[in-house]
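Quick look at what Swiss-Prot lists:
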type	residues	note
TRANSMEM	9-29	transmembrane segment
TRANSMEM	45-65	transmembrane segment
TRANSMEM	71-91	transmembrane segment
TRANSMEM	100-120	transmembrane segment
ACT_SITE	Asp126	active site
TRANSMEM	135-155	transmembrane segment
ACT_SITE	Asp144	active site
Amino acid sequence: MAKTLSKPASGALAPWLGISLIVILFDQLSKIAILKTFAYGAQHALTSFFNLVLVYNRGAAFGFLSTASGWQRWAFTALGVGATLVICFLLKRHGHQRLFSLSLALILGGALGNVIDRLVYGHVIDFLDFHLGGWHFPAFNLADSAITIGAVLLIYDELRRVRGAR
């Protein structure tokens, strides 16, 4: 009887892609609801520090490059697709590392949520507006939230891993 020397996969991709899909679903449904409810620039105060508002972001985080001539749409789309490929590779390779994989799944879902916006609308739909007094944090969306939470978890996981190695 011959033995196979194939190496088993170190992590299952499906559960992590499932989490990413849930992020994309909630992100896109929330944006559809805002687009159907609000006119561009309209805002609805929910608390003294939080509004729902419809704004378009043609750039990246905090409106970076939002006034560029249009090339940024395709550059940020390509960046999102490239990140998707790298993240899928990492998830396949490290799927057994739960916190690491969860953080990547959140980042992946958020990145693809914003890529979908860029491909469908030509810009990202932002609608969560936190403010205090006259100061407003730049509006963002659920995809951005997932990316941020994923990044924080990724840093936490790395710090935990490094401390454990000491």
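FYI, residue positions are counted from 1 along the chain as it appears here.
Quick reminder: no glycine exception, Cβ is built from N, Cα and C everywhere.
Within 10 Å of the Cβ of Asp126 (active site) there are 22 other Cβ atoms, across all protein chains. Between the transmembrane segment (135-155) and the transmembrane segment (9-29), the number of CB pairs under 8 angstroms, six or more residues apart, is three or more, so the stretches are in contact. Comparing Asp144 (active site) with Asp126 (active site), their Cα atoms are 9 Å apart once rounded.
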